Amino acid sequence: MAPFYRDTWVEVQLDHIYENVKSMREYLPVETHIMAVVKANAYGHGAFQVAKTALQAGASFLAVAFLDEALSLRKKGINVRILVLGAIRHEDAILAAEHDITVTVYQKEWLLRALKNHSFRKKLRIHLKVDTGMGRLGIKEFTELNEIIELIQHEENIDIDGVYTHFATADEVNTDYFDRQYGTFLEALAILNAHQVDIPHIHCGNSAAGLRFPTKVFNVVRMGIAMYGLSPSEEINGLLPFTLKEAFSLHSRLIHVKKLQPGDKVSYGATYTAEEEEWIGTIPVGYADGWIRRLKNREVIVEGQRVPIIGRICMDQFMVKLPGPMELGSKVTLIGSQGNEVIPIDEIARELETINYEIPCMISFRVPRIYIQSDQIVEVENHLN
Ligand SMILES: *Cc1c(COP(=O)(O)O)cnc(C)c1O
């Protein structure tokens, strides 16, 4: 348990992560694996804890965006297969192979460069990535796909374990573009088939596609946002096959409570003026914690009631207007529930005109994470230790 000495923390309900993965496990066909996507410190929740929980709940593999993230999990003792979804440097292919990390091959040039190095002591396990319309990473031309396959077939240092693609619109109700991408993926699979390479893992589903088309997404689903209990988009909320449970909440405490006189001002720019005798509270969270200045019109929950933020949010603190004098040290909830009130992540995302994905990612490493299982604190992580 890492100690921390500030009155602000994130709570991660590991039970909820467990239940979300379990629900997906029960929902998908038995032969379909779950690949738990724990990139970006598990969308801000904590990669190691989420990875362990997801694996206990029935996930088979992990995915991250960068090689560093995969190495960090290996260092902590995670030994299941980890796929790096993003690009790694070709000169780091050796390092990936040594740590048994699966890499994405998305370009012939990258593969040629990676293979120039002849000091592979272990095979490099790869998944081919086909760009069927996301326009990001992946092999776009079928001629290039053919060339890569021919190259790989004569290459003893490569173990081709998977092929995949990524949808741009799986979270939209209209499936026209999705269907087009899906069709292109089928064509790519036919090409691979013609070469008679046996590729054990085929995948195209993120959370949205896995939830909506469980029998169309081949034998692996890359589960990200739904594992954290969040809907891939507001528009498909009504299409979700099971309840998702949010795992992330953000809390702090009132560290200063005082009375303002009419005319008194609050925070930088002195933009807030008290109109009468008012009680305000100071909360030790600021934009350096990811509680950005644009959240200035939000409310937070204190003693079970919503109170408005007043004045500008500072780097490390902000102020709220209280209904009256309140106890120093009172718990303040910025995201999540307290008493009968709740501030869901979607509410904050809506206000910031962004997607729910961005909100937990935004809460910075300066805020310690407390992991809760069966109402008990099972771990505390403080990146400042
Ligand atoms: C992040 C990511 C995912 C996870 O997507 P969710 O919508 O969070 O389920 C899946 N596949 C790729 C390639 C990704 O980059």
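Every residue, even glycine, has its Cβ placed from backbone N, Cα and C.
Per TrEMBL, the feature active site, proton acceptor maps to LYS39, TYR268. The N6-(pyridoxal phosphate)lysine feature in TrEMBL is assigned to LYS39. Annotated substrate binding site per TrEMBL: ARG136, MET315, in sequence order. Under the heading domain 'Alanine racemase C-terminal', TrEMBL lists 247-372.
All features noted in TrEMBL, drawn onto the structure.
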residue : record                       : DSSP class
LYS39   : active site, proton acceptor : helix
ARG136  : substrate binding site       : coil
TYR268  : active site, proton acceptor : helix
MET315  : substrate binding site       : coil
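Packing around MET315 (substrate binding site) is summarised by its Cβ count: 12 other Cβ atoms lie within 10 angstroms of its Cβ, all protein chains included.
Here the recorded positions are LYS39, ARG136; the one with the fewest Cβ atoms within 10 Å of its Cβ is ARG136.
Break the domain 'Alanine racemase C-terminal' (247-372) down by DSSP state and the numbers are 23 helix, 51 strand, 52 coil. Using CA atoms as reference points, the recorded positions ARG136, TYR268, MET315 were checked against LYS39 (active site, proton acceptor), and the closest is ARG136. Counting in whole angstrom, TYR268 (active site, proton acceptor) lies 42 from ARG136 (substrate binding site) by their C-alpha atoms. Mean predicted confidence for the domain 'Alanine racemase C-terminal' (247-372): the pLDDT average there is 98.
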